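As recorded in TrEMBL, the features of this protein are as follows:
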- 13-73: domain 'P-type ATPase N-terminal' (DOMAIN)
- 33-55: transmembrane segment (TRANSMEM)
- 67-85: transmembrane segment (TRANSMEM)
- 238-262: transmembrane segment (TRANSMEM)
- ASP331, LYS332, THR333, GLU441, PHE483, LYS507, ARG536, THR616, GLY617, ASP618, ARG698, LYS704, ASN727, ASP728: ATP binding site (BINDING)
- ASP331: active site, 4-aspartylphosphate intermediate (ACT_SITE)
- ASP331, THR333, ASP724, ASP728: Mg(2+) binding site (BINDING)
- 751-967: domain 'P-type ATPase C-terminal' (DOMAIN)
- 852-872: transmembrane segment (TRANSMEM)
- 878-899: transmembrane segment (TRANSMEM)
- 906-926: transmembrane segment (TRANSMEM)
- 932-958: transmembrane segment (TRANSMEM)
Amino acid sequence: MGDFRPRTVWLGHPEKREQRYPRNVINNQKYNFFTFLPAVLFNQFKYFFNLYFLLLACSQFVNELRLGALYTYWVPLGVVLLITITREAVEEIRCYLRDKEVNSQIYSKLSTRVMLMTSERNGSCFLRTDQLDGETDWKLRLPVACTQRLPTAADLLQIRSYVYAEEPNIDIHNFIGTFTREDGDPPVNESLSIENTLWASTVVASGTVVGVVIYTGKELRSVMNTSNPRNKVGLFDLEVNCLTKILFGALVVVSLVMVALQHFAGRWYLQILRFLLLLSHIVPISLRVNLDMGKMVFSWMIKKDSKIPGTVVRASTIPEQLGRISYLLTDKTGTLTQNEMVFRRLHLGTVAYGMDSMDEVQSHVFSAYTQPTHDLPTSRAPAATKVRKTISSRVHEAVKAIALVHNVTPVYEANGVTDQAEAEQHYEDTCRVYQASSPDEVSLVQWTESVGLTLVGRDQSSMQLRTPTGQILNFTILQIFPFTYESKRMGIIVRDESTGEITFYMKGADVVMAGIVQYNDWLEEECGNMAREGLRVLVVSKKSLTEEQYQDFEARYVQAKLSVHDRSLKVATVIESLEMEMELLCLTGVEDQLQADVRPTLEILRNAGMKVWMLTGDKLETATCTAKNAHLITRNQDIHIFRPVTTRGEAHLELNAFRRKHDCALVISGDSLEVCLKYYEYEFMELACQCPAVVCCRCAPTQKAQIVRLLQERTGKLTCAVGDGGNDVSMIQEADCGVGVEGKEGKQASLAADFSVTQFKHLGRLLMVHGRNSYKRSAALSQFVIHRSLCISTMQVEGCVVICFTHYSTIYTMFPVFSLVLDKDVKSEVAMLYPELYKDLLKGRPLSFKTFLIWVLISIYQGSIIMYGALLLFDSEFVHIVAISFTSLILTELLMVALTIQTWHWLIIVAELLSLACYIASLVFLHEFIDVYFITTVSFLWKVTVITLVSCLPLYILKYLRRRFSPPSYSKLTS
């Protein structure tokens, strides 16, 4: 990453900088102007397939080895290189334009040199960091205290001050620095931490912030947590490269046999080289041309599919990879979820209110503030009225508690400027924005507003609620006990200014609240029911305090906070003295809104044989709830939550406990994962790969990439990574297939991915339809090109066809063979309805050594039939043998295409007829090799028909018998 050093940045004095800093740009390009051509050529010729043809073409500069015109070797190679260079150039230009768009964002400045993000000066702000670390909780960020006393932002440039910052590093959770003001009396020196930072790729939730830029370009935390883009080569291309090595080995063997038949006479070593060149079409260069053109067609089909609009192919070299994915690794926030919390359920024990009955809650709240207290029930239904009033009272108490027990602050914005004074006077609903560290809390407060009780004001010591009648209720905040990961609860003590009542409200997870609230027989069961629905459950309770009780508590609390030894323990003990026999008010259920059709899409992927892993930076509880809600973990599936481990011994014990469980989903945190991978990498990966689903929470961006890499190394299977944020870029670039989802907060993942989609649900069709078709079509195309070349080479070995005919046959059969890119075994709807068809491809059967050997035997059989058929039917002249064999060869190839096609497309029919017409029309130019008068005779037509039928008819019969007694998996679906 370069030599990174600490820096001192002077405010308003860029001339004082001590070092040069990188430009404030991002770069997702694989090459630059100077490395483009060398790097592209190296990536092409480092594989045997292309290197073979380069050496073959270069050999034609040696007179003793030249077999024909130079263009017959250099033109095909040039076409392959031109296609590759053009494709890479187009993708690099597109990448450059996308980066340029992002790098062209405009920032406000206070001077010509110091870059500043616009922002507010009234204190703290909240930050959304989900695009950086995947966490949904908002982070509180604090200003430098001494700058808050300046009259205007412009005064920052008038004071003599500087920021000292540590060297750039990948740690997104820590920062060390100082702010120094030298012209103060005395000089001011404040420490800076992570709470004073706003990293790139984060978003200010509300208001505006003034800040000095410390890191730019490659020194950004988000950039340092991403890996450099690599040139991905598909598994299919590697398999084809392996097959060409086998073909080359066969070529060498045949050449040695041919020289051996001549008893190694004369300059036999030169004869070996000549035979290698003469029979070089055993390894067809047209294979590379056809496959590259096929990839371009597949990419075009993906982009033009109207059922997945907005899908972009950024790496057109690997569409076949989409058809063989075994592991899908997905981000949570913004990918599976919308990061929009929605209140779903209020449960009071005897009654529950869902989304369809919120009007009843609203009615109860309204009646609580409108009905006079002296109203008596009517004589007609006293019991019913009494019950109704009891429920109404309970609902009101629950809503009131939810509206008070939180850390949410309403902020009022008008014309982009925050005006708290005006907010306190008018409480304008249209200008109100809620700020909080957690979106869960915001959703709860928004819900209380929807049912009539609105949070309209808050500061450090007070809170204001507005009733449905417009009355303002004032509460004094006496104490707040914030939520922590250890306590899993938060509390608040408030005094109602109108009545003087002091109430202690608390909410938290059911596992801790069950021991705090009064005994009841429904809490555990209902919490379990709501959790199984994927809801985040909070238990809300209250406790009324007398003035004496509170004064006693406050005295003990203050004393505990002044303790020097064991302060945290003493404070917790004092708070716990209040947390006893609290009145259970209600349960709340909040859902992190899923993206459209996430559940059916994950179901399709699982049925297709993929294992889905969720890698997220979010909390364990949040990640587990989302996994259940999205049905990544099914309702009846056991879950093993990996306990936090910090040492080798703890990891060993926990792995043993995990090993005893079978067919259960795994949930593990990033810290525990790091310990396991450090000491027991092989054992952990072996166990994790057996799980039906894995959830990794609190994952750093580099950890996500590490998991992908380990899966590739340990299993040898193809991986696909899906994400939408900057924290997913490393994972996307490391995976065999990287898919970026265009997120709300940015396009970092989309720009760095191989494929870009607008919604997660499009992934199903991208893999099931386009991935499957691309792989099967490429397999059929490659086998046909090899078949055509082997037929010709067989005939060459047997001594008939002149070398130029290999090029002619390629031209005549090019369109029908290439039209295989339009073939498909099942309709798109069937492929989506039966994802089990995708599972058949994971074993690589469409292009395997078995299918390759079958096609080699077919090629040798057909080449021999055509050759010896022409010899047996030899008339009187050599030119007649050429006419019969060459015509039979072309007709055989056209019939073989027709034999292979499973779904006829009108372009395939056109390609067949066009090729036949081109051959007939070109006979006038081949009079040196073919007797035009002879081919119009009945004898010629009869002989060609016999040879073609003998070469193809047995294969048609075998195909029929195979389909009859061993039908493919899709045959019943297409019948």
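Note: Cβ is positioned from N, Cα and C throughout, glycine not excepted.
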May I ask which residues of the same chain, at least 6 positions away in sequence, place their Cβ under 8 angstroms from the Cβ of PHE483 (ATP binding site)? ASN407, SER438, ARG489, MET490, GLY508
Could you state the whole-number distance in Å separating the C-alpha atoms of ARG536 (ATP binding site) and ASP728 (Mg(2+) binding site)? 25
Report, in whole Å, the straight Cα-to-Cα distance of ASP724 (Mg(2+) binding site) from ASP331 (ATP binding site). 8
Among all the protein chains here, how many other CB atoms are within 10 A of the CB of ASP724 (Mg(2+) binding site)? 34
Can you grab the distance from THR333 (ATP binding site) over to ASP728 (Mg(2+) binding site)? Cα atoms, rounded to a whole Å. 11
For the transmembrane segment (33-55), name the stretch out of 238-262, 878-899, 906-926, 932-958 with the most CB-CB pairs under 8 Å. 238-262
Cβ neighbours within 10 Å, counted over all protein chains: which one of the binding-site residues THR333, ASN727 has the most? ASN727
Based on DSSP, tally up the residues of the domain 'P-type ATPase N-terminal' (13-73) by helix, strand and coil. 31 helix, 0 strand, 30 coil
ASP724 (Mg(2+) binding site) to ARG698 (ATP binding site), Cα to Cα, whole Å, comes out at 17
Given ASP728 (Mg(2+) binding site) and ARG698 (ATP binding site), what distance in Å do their CA atoms have, once rounded to a whole number? 13
Measure the Cβ-based neighbour count of ASP728 (Mg(2+) binding site), defined as the other Cβ atoms within 10 Å of its Cβ. 36
